[in-house]
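Student: Have a look at this one.
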Amino acid sequence: MTQPSVVLATASYDHTIRFWEAKSGRCYRTIQYPDSQVNRLEITPDKRFLAAAGNPHIRLFDVNSSTAHPVISYDSHTNNVMAVGFQCDGNWMYSGSEDGTVKIWDLRTATCQREYESRAAVNTVVLHPNQKELISGDQNGNIRVWDLAANSCSCELVPEVDTAVRSLTVMWDGSMVVAANNRGTCYVWRLLKGTQTMTYFEPLHKLQAHDGYILKCLLSPEFCDPNRYLATASSDHTVKIWNVDGFTLERTLTGHQRWVWDCVFSVDGAYLITASSDTTARLWAMNTGETIRVYQGHHKATICCALHDGAESPPT
């Protein structure tokens, strides 16, 4: 198979992963995933592999192959893997699980190199753009910063006691972090550098974004600048787009019939892909808030999506 310029994948409770032609909406490849549901999908920076986080494994699939078998499996978690992502050069992978741990993996050997104890089910993990800190959010409402150089937890926050942190997102330049919780609230902090490498959180804003759960929050990418947006996907069937300058509501994306579990921006921030319990994924135009394409083919809830429409390898 030739390398597609746009890699778009979704996963569903129907135990399949589907690859789509973004423009036409045609599904060109389906991978059966019988072992478990897939909680999260992420594409490697070089566009060659797709990581599927399940229970309790993470499996890596070749984007350009037609084989249904994973290239490699990462196996030391003991419960649902809820978060997965890659270091910018693709040298290592990180994950977070309901087993209460955050792990760092050697991508090639599939060995777990480091493990951090969160002491509660981990729902979300993001890598700071400095590539030196992981930030995790858990079911008990804790946010922790894991300093990879010091190999320890450097910071701990509890924005709302006993309210699960569902999703975390960091601005591409490391200037801001947003945490979304089960009460529809987003907590926003400025990230400040201390005298050492440690990041400090300065409270900036509290946004009551939805009445229902926020299942995913996501800040817009670098090439969207000077416009900066926050997308919040919710159990109220909508995705809201907020202008980060003042956190005013820019628009509400309506069309999904059930919970919206996941969202991902195109590389230039002009489009948004969403995944919903109504079995579909959608492609939205950010400038109008209109649906451009509906991806239909899953038979049960579509709970995660991944998109890579940028350059094959990250700029050095």
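Positions of Cβ are set from backbone N, Cα and C atoms, glycine also.
Checked TrEMBL, it gives:
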- 1-30: repeat 'WD' (REPEAT)
- 74-115: repeat 'WD' (REPEAT)
- 115-148: repeat 'WD' (REPEAT)
- 207-252: repeat 'WD' (REPEAT)
- 253-294: repeat 'WD' (REPEAT)
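Help me see these features in their spatial surroundings.
Tutor: When Cβ-Cβ distances below 8 Å are used as the criterion, the repeat 'WD' (1-30) is approached by residues 36-38, 41, 43, 47, 50, 52, 61, 63-66, 273, 275, 279, 281, 283, 293-309, 312 of the same chain, each at least six residues removed from its ends.
The DSSP breakdown of the repeat 'WD' (74-115) into helical (H, G, I), extended (E, B) and coil residues amounts to 0 helix, 23 strand, 19 coil.
When Cβ-Cβ distances below 8 Å are used as the criterion, the repeat 'WD' (115-148) is approached by residues 76, 79, 82-83, 85-88, 94-104, 154-174, 177, 179, 181, 191, 197-199 of the same chain, each at least six residues removed from its ends.
The average pLDDT computed over the repeat 'WD' (253-294) stands at 97.
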Student: Please list, for the repeat 'WD' (207-252), how many residues fall into helix, strand and coil according to DSSP.
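Tutor: Taking each residue of the repeat 'WD' (207-252) in turn, the totals are 3 helix, 24 strand, 19 coil.
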Student: Go ahead and report the DSSP secondary structure tallies for the repeat 'WD' (1-30): helix first, then strand, then coil.
Tutor: 0 helix, 15 strand, 15 coil
Student: Using DSSP, what's the helix, strand and coil tally for the repeat 'WD' (253-294)?
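Tutor: Output for the repeat 'WD' (253-294) reads 0 helix, 22 strand, 20 coil.
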